[in-house]
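Database features (Swiss-Prot):
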type: ACT_SITE; residues: CYS12; note: active site, phosphocysteine intermediate
type: DOMAIN; residues: 1-95; note: domain 'PTS EIIB type-2'
type: MOD_RES; residues: CYS12; note: phosphocysteine
Amino acid sequence: MENKNLHIIAACGNGMGTSMLIKIKVEKIMKELGYTAKVEALSMGQTKGMEHSADIIISSIHLTSEFNPNAKAKIVGVLNLMDENEIKQALSKVL
(Lines of atoms letter the chains of each structure in order from A and count residues from 1; the text may use other names and numbers.)
(Lines give C-alpha, C1' and ligand atoms only; values in the text may rest on other atoms or scores of the structure.)
Protein backbone atom coordinates (compact mmCIF):
# COMPACT_ATOMS: atom_id res chain seq x y z
CA MET A 1 0.00 0.00 0.00
CA GLU A 2 1.32 3.40 -0.92
CA ASN A 3 2.58 5.53 1.98
CA LYS A 4 -0.03 8.24 1.78
CA ASN A 5 -2.02 9.52 4.72
CA LEU A 6 -3.80 6.26 5.47
CA HIS A 7 -7.19 6.22 7.20
CA ILE A 8 -7.36 3.36 9.69
CA ILE A 9 -10.28 2.48 11.93
CA ALA A 10 -9.86 0.49 15.14
CA ALA A 11 -13.29 -1.08 15.62
CA CYS A 12 -14.61 -2.59 18.82
CA GLY A 13 -17.81 -4.48 19.45
CA ASN A 14 -18.04 -3.53 23.12
CA GLY A 15 -17.86 0.19 23.69
CA MET A 16 -14.88 2.40 23.06
CA GLY A 17 -12.29 1.28 25.62
CA THR A 18 -10.76 -1.55 23.61
CA SER A 19 -10.80 0.37 20.34
CA MET A 20 -8.97 3.26 22.04
CA LEU A 21 -6.23 0.88 23.22
CA ILE A 22 -5.96 -0.60 19.71
CA LYS A 23 -5.81 2.93 18.24
CA ILE A 24 -2.80 3.79 20.41
CA LYS A 25 -1.01 0.55 19.45
CA VAL A 26 -1.77 1.03 15.73
CA GLU A 27 -0.49 4.63 15.77
CA LYS A 28 2.78 3.45 17.34
CA ILE A 29 3.17 0.56 14.89
CA MET A 30 2.45 2.70 11.83
CA LYS A 31 5.03 5.25 12.95
CA GLU A 32 7.59 2.44 13.46
CA LEU A 33 6.84 1.15 9.95
CA GLY A 34 7.27 4.63 8.47
CA TYR A 35 3.62 5.23 7.54
CA THR A 36 1.54 8.33 8.08
CA ALA A 37 -1.91 7.39 9.31
CA LYS A 38 -5.03 8.92 10.81
CA VAL A 39 -6.32 6.29 13.24
CA GLU A 40 -9.83 6.47 14.66
CA ALA A 41 -11.35 4.44 17.50
CA LEU A 42 -14.97 3.60 16.67
CA SER A 43 -17.74 1.23 17.70
CA MET A 44 -18.92 -1.41 15.23
CA GLY A 45 -22.07 0.63 14.58
CA GLN A 46 -20.04 3.71 13.64
CA THR A 47 -17.63 1.66 11.53
CA LYS A 48 -20.33 0.07 9.37
CA GLY A 49 -20.95 3.32 7.50
CA MET A 50 -17.24 3.91 6.88
CA GLU A 51 -16.22 0.66 5.16
CA HIS A 52 -15.83 2.46 1.83
CA SER A 53 -14.00 5.53 3.12
CA ALA A 54 -11.30 3.92 5.29
CA ASP A 55 -8.16 2.25 3.94
CA ILE A 56 -7.91 -0.34 6.74
CA ILE A 57 -10.28 -1.53 9.47
CA ILE A 58 -8.73 -3.51 12.30
CA SER A 59 -10.84 -5.43 14.80
CA SER A 60 -11.12 -8.70 16.63
CA ILE A 61 -10.98 -11.65 14.25
CA HIS A 62 -14.42 -12.61 15.60
CA LEU A 63 -15.95 -9.42 14.14
CA THR A 64 -14.46 -9.50 10.64
CA SER A 65 -17.39 -11.44 9.17
CA GLU A 66 -19.67 -8.50 10.00
CA PHE A 67 -17.96 -6.28 7.44
CA ASN A 68 -18.89 -6.03 3.77
CA PRO A 69 -16.43 -8.26 1.85
CA ASN A 70 -16.69 -5.86 -1.11
CA ALA A 71 -15.75 -2.81 0.95
CA LYS A 72 -12.89 -0.56 -0.14
CA ALA A 73 -11.22 -0.97 3.26
CA LYS A 74 -8.89 -3.89 3.86
CA ILE A 75 -10.29 -5.79 6.84
CA VAL A 76 -7.70 -6.94 9.38
CA GLY A 77 -8.70 -9.39 12.09
CA VAL A 78 -6.54 -9.98 15.14
CA LEU A 79 -7.03 -12.75 17.70
CA ASN A 80 -5.29 -10.97 20.60
CA LEU A 81 -5.86 -7.24 20.32
CA MET A 82 -3.43 -6.54 23.15
CA ASP A 83 -0.54 -8.30 21.38
CA GLU A 84 1.43 -5.58 19.62
CA ASN A 85 3.45 -8.10 17.57
CA GLU A 86 0.29 -9.77 16.25
CA ILE A 87 -1.17 -6.40 15.28
CA LYS A 88 2.09 -5.44 13.54
CA GLN A 89 2.19 -8.72 11.57
CA ALA A 90 -1.47 -8.40 10.56
CA LEU A 91 -1.04 -4.80 9.38
CA SER A 92 2.18 -5.62 7.52
CA LYS A 93 0.25 -8.13 5.39
CA VAL A 94 -2.05 -5.42 3.99
CA LEU A 95 0.40 -2.52 3.68
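Backbone N, Cα and C define each Cβ position, glycine as well.
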Per DSSP, what is the helix/strand/coil residue tally across the domain 'PTS EIIB type-2' (1-95)?
38 helix, 26 strand, 31 coil
Output, ordered by sequence, the same-chain residues six or more apart from CYS12 (active site, phosphocysteine intermediate) with a CB under 8 Å from its CB, or 'none'.
THR18, SER19, ILE22, ALA41, LEU42, SER43, MET44, SER59, SER60
